[in-house]
Amino acid sequence: MASKAMPRAPPAAPNLQSLKLCSQNDSSLETTSPSKRSALVPGRSAESSKPNSEVVQKEQKSTQHQNESIDLTGSNDPAEVKAEGNLVPKRLADEEKGVVEDGIANGSLKSSSALGKEHGIASASGSARLVGRSETGERGFSSSRCRPSTSSDVSDESACSSISSVTKPHKANDSRWEAIQMIRTRDGILGLSHFKLLKKLGCGDIGSVYLSELNGTKSYFAMKVMDKASLASRKKLLRAQTEKEILQCLDHPFLPTLYTHFETDKFSCLVMEFCPGGDLHTLRQRQRGKYFPEQAVKFYVAEILLAMEYLHMLGIIYRDLKPENVLVREDGHIMLSDFDLSLRCAVSPTLIRSSNPDAEALRKNNQAYCVQPACVEPSCMIQPSCATPTTCFGPRFFSKSKKDRKPKPEVVNQVSPWPELIAEPSDARSMSFVGTHEYLAPEIIKGEGHGSAVDWWTFGIFLYELLFGKTPFKGSGNRATLFNVIGQPLRFPEYPVVSFSARDLIRGLLVKEPQQRLGCKRGATEIKQHPFFEGVNWALIRCASPPEVPRPVEIERPPKQPVSTSEPAAAPSDAAQKSSDSYLEFDFF
């Protein structure tokens, strides 16, 4: 076992004083050249600006090397440190220990525990994440979908940037797009000076997230601010770049929207959607018994499944699913966040038509089935009441009870009459040791290399935790947890009582052999057809009423200084006045 645990140094948070100076200086919009950006990464030479094909070939070779493994037999030398109940390689902790924020050093920032993560996007995870050595090698895996060249500097006007709602049809009617476009039309490129930082929402591994307001509007965003020097010193610049590239390509109801991004001399900033409902981990803690009812779980995991399906279609393996990374929007629907551990790879979507000859005839001759192609199972009857989406979910999400349902024609093996799109990056391979201990797949722990099947393992752990309020393989410590994942069988507690279909789905997802795991071959299509999701109308899932809608968030404004009646108040200096207009100063830790 490891020796006495050492506290893990918190990731460097941007200095608000530095943010203030950047917001006042137009030069903050300057971007680094490719040569300068390459120089920020230790050991990275001008070869970074070579064509992507050469970089990909080199980086693909590096993924063939075995990643650092965890010694499960124990060691006298402390091989890991414990941070908030999780294992972190000592090498990473030592790197992060030396990263100290300037504001803390000079006393300009005070300690505070009042800044929680109850409301926000990309909130700080309550558990540490493991990142292996070969991570920097695998990121070069190219994808055929929207992968900008890494040989040029990334600016706010990148060809793949989220610069208008035209390229994001799912957000076409979002008023925040109009606010962004209005400022851009007036001032050109957006920068840090266009936003007021109101509150710190959380602190992740590579940056801090702030609630921000676009000046002159009532539009609120979540701004992720990353210190480029800190990222370079911890060799995490490539992770930040990967997250930005992924966010640029996303357009899905249950995934984040990147409204704009920009860089200053010191910081890299991503402006995303603000989720006032917090994360599912916080929401689960507020439930009676600290677990969700099965009907609520079905709602959340169905939306997560659609988001994962979309990511796999783009050749993105998420690798970091957990309740802390699932945020709740203001309407109660979810949003998956935090993509810095994701792996990009090649994928070839395949359209497979039904192999059941009776299914096509059934679709032509029977008009009682739902006309929506996205319905996995034709359980929605076409009748006047079905025009109201809530009747397809009953109550408001699931089908009507069996006694009230009209008998439907027999479908052989429940084969869908519609074509199936299979888009599973099954050939992807990575040797990185990344993830959260209780969610790590067996193949990651063994160092055997992993692919997209790890997402379906984490999906099973996620489902288990929402239903039972705990993860299935959690041990007394991190090392015991890893042993349990590899060697212990799956067990279900007696309470709370869940349906057989829920337990059966979890059994299929938590198969230790990845080739036998549910979803390994046909991806989300295979999982959506499981009986646990019977009655879910996938085409109308956004019309369903969420289990819980968060209360409207009151945006706190900076407190006004009281004016003394006995003596005239001193006029604030121009710098102080401009500072108060730019953001609200608050404590960091």
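Each Cβ is built from the backbone N, Cα and C atoms, and glycine gets one as well.
When Swiss-Prot records Leu201, Gly202, Cys203, Gly204, Asp205, Ile206, Gly207, Ser208, Val209 as binding ATP, the matching candidate from Lys224, Lys228 it lists for that site is Lys224.
Looking at 395-433, 551-589, the stretch flagged in Swiss-Prot as region 'Disordered' turns out to be 551-589. Summarising the ATP site geometry, the residues cited as binding it (Leu201, Gly202, Cys203, Gly204, Asp205, Ile206, Gly207, Ser208, Val209, Lys224) extend over a maximum Cα to Cα distance of 14 Å. The Cβ of Asp205 (ATP binding site) has 19 neighbouring Cβ atoms from other residues within 10 Å, across all protein chains displayed. By a simple count of nearby Cβ atoms, those within 10 Å, the most crowded of the binding-site residues Leu201, Cys203 is Leu201.
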